[in-house]
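Asks: Dropping the structure in here first, questions after.
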Amino acid sequence: MSKTAQTVWNNCLEFIKDNIQPQAYKTWFEPIIAVKLTDNALSIQVPSKFFYEWLEEHYVKILKVSLTKELGEKAKLVYIIKMENTYGNKQPFTEKIPSSNRSAVKSQEVDIPLKNKNPELRNPFVIPGIRNVKIESQLNPNYSFENFLEGDSNRLARSAGLAVAAKPGGTSFNPLLIFGGVGLGKTHLVHAIGVDIKDKYPEKTVLYISAEKFTQQYIDSVKKNNRNDFIHFYQIIDVLIIDDVQFLSGKTGTQDVFFHIFNHLHQNGKQVILTSDKAPVDMQDIEQRLLSRFKWGLSAELQTPDFETRVSIVKNKLYRDGVDMPDDIIDYVAKNIKSNVRELEGAIISLIAQSSFNKKEVTLDLARIVVEKFVKNTKREVSIDYIQKVVSDYFQMDVSTLQSKTRKRHIVQARQLAMFFAKKFTKASLASIGSQIGKRDHATVLHACKTVDNLTSTDKQFKKYVDDITKKLSV
Ligand code: ADP
Ligand code: MG
């Protein structure tokens, strides 16, 4: 029987499978595709450059042994790196495949001699502010499970958190992704998990970090040329908590490195905990392969708490601060501040402060004034989603119509208005506005803003649209 790339590779896989951990096999070998066999060289396609680096660093020996068994002493392995759009042409080494061999997959071929590189040990990466030897967890002990009050809105997320804390890395909730709107307790809950783990397993290395800080560290490491140390540092963590991963959207370099770290941790049974302001399906500009990783474990939503939960959160806060407050006031505040626990707490703190400052009892009148201030302030935060909703409602169309590719004039105008208001009322970049409003590029958004400016000064009807929508967005 003549040998084909597939049969040779299948035999290699069989051998490899018997010799490494099942999880590692799944992660690093199942995604590989055998592409071709020429004489003694087998070409395999790997999903990314990281993948190739990883195989080279960890599995080159077993690859060599298995391939030599199949193809003899002169066996050679050729990696074909499937290019992800995001890599562009950043890769330093290229050896073009002759065009006749080019398949539909855009790829780069890298010819690697099969020798064990025996990677040297590197110093642990030092994060500014974190001591060299002992890794500080960066956890806030005030954010505990005990004072994370349970309600229908958070029951699933809270119990998943407890399960993870009891057996970090040992449940199917890996990664655990907690998502939900602003001020609903994501940060609190993931700290609570970390704190609980530290309590139960003091020897485990737990690290809490915001995605923003993670990104900054990564950028610094690239500048300082110690990207590998950065990766290495994160790979020794037992429980990695990354807050607000939506921050990674559009940041392909950081996403790549996180993907790499994630795979390593996951494969070694380490726990990853993430938070995001959106469900994975709604995340924009996050690479597909990363999103699919997020979906491996459990995504649990924190919803807005119902009235009873809001009341118990307020009471708990008052109790901890040793303050008494009449029930009707608590009810009033909890009834009127609905969508954000942080604001609920803020209103209560503000009430306590005012009453102690004026040495007065908290009255319902005072509560009214304070609540009004809070409710008003929050209205000022306009999101791009909200703008799209308001604009499409105004023109009586669905948001999906507004985002569609159609060139129908009234829909194009609505879309341009949404872009214009997103520019005006949010801090988002043109590129980010474009990607959120129907996946357009920054030039389209810029053009939209100019068009709206022009039409506003030349077309009365159009000016009325702008004024009407401005009013709707400002209340
Ligand atoms: P997010 O990260 O989702 O924006 P945070 O975790 O910062 O929200 O929570 C905002 C505030 O609300 C924090 O002070 C937190 O302690 C409090 N909080 C949120 N949910 C609860 C809850 N279920 N019980 C008690 N406090 C809560
Ligand atoms: Mg938060």
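Placed from the backbone N, Cα and C atoms, the Cβ positions cover glycine too.
Got these off TrEMBL a minute ago, pasting:
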BINDING   Gly183, Gly185, Lys186, Thr187  ATP binding site
DOMAIN    172-308  domain 'AAA+ ATPase'
DOMAIN    383-452  domain 'Chromosomal replication initiator DnaA C-terminal'
REGION    1-86  region 'Domain I, interacts with DnaA modulators'
REGION    356-475  region 'Domain IV, binds dsDNA'
Asks: I'd like to know which of these binding-site residues, Gly183, Gly185, is least surrounded, judged by other CB atoms within 10 A.
Replies: Gly183
Asks: Summarise the region 'Domain I, interacts with DnaA modulators' (1-86) as counts of helix, strand and coil residues per DSSP.
Replies: 46 helix, 19 strand, 21 coil
Asks: With the ATP site defined by Gly183, Gly185, Lys186, Thr187, which remaining residues of that chain have Cβ atoms positioned within 8 Å of the Cβ centroid?
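Replies: Going along the sequence, the neighbours appear as Gly180, Val182, Leu184, His188, Leu189, Thr275, Leu302, Val341, Arg342.
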Asks: Out of Lys186, Thr187, which of the binding-site residues is least crowded by other Cβ atoms within 10 Å?
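Replies: Each of the binding-site residues Lys186, Thr187 was scored by Cβ atoms within 10 Å; lowest is Thr187.
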Asks: Using DSSP, what's the helix, strand and coil tally for the domain 'Chromosomal replication initiator DnaA C-terminal' (383-452)?
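Replies: So the counts come to 51 helix, 0 strand, 19 coil.
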Asks: Within the region 'Domain I, interacts with DnaA modulators' (1-86), what mean pLDDT does the predicted structure show?
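Replies: PLDDT averaged over the stretch: 84.
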Asks: Do any of the binding-site residues Gly183, Gly185, Thr187 touch ligand 2, in the sense that the CB is under 6 Å from one of its atoms?
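Replies: With ligand 2 as the reference and 6 Å as the Cβ limit, the list reads Thr187.
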Asks: Could you give me the DSSP helix, strand and coil counts for the domain 'AAA+ ATPase' (172-308)?
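Replies: Final tally across the stretch: 69 helix, 24 strand, 44 coil.
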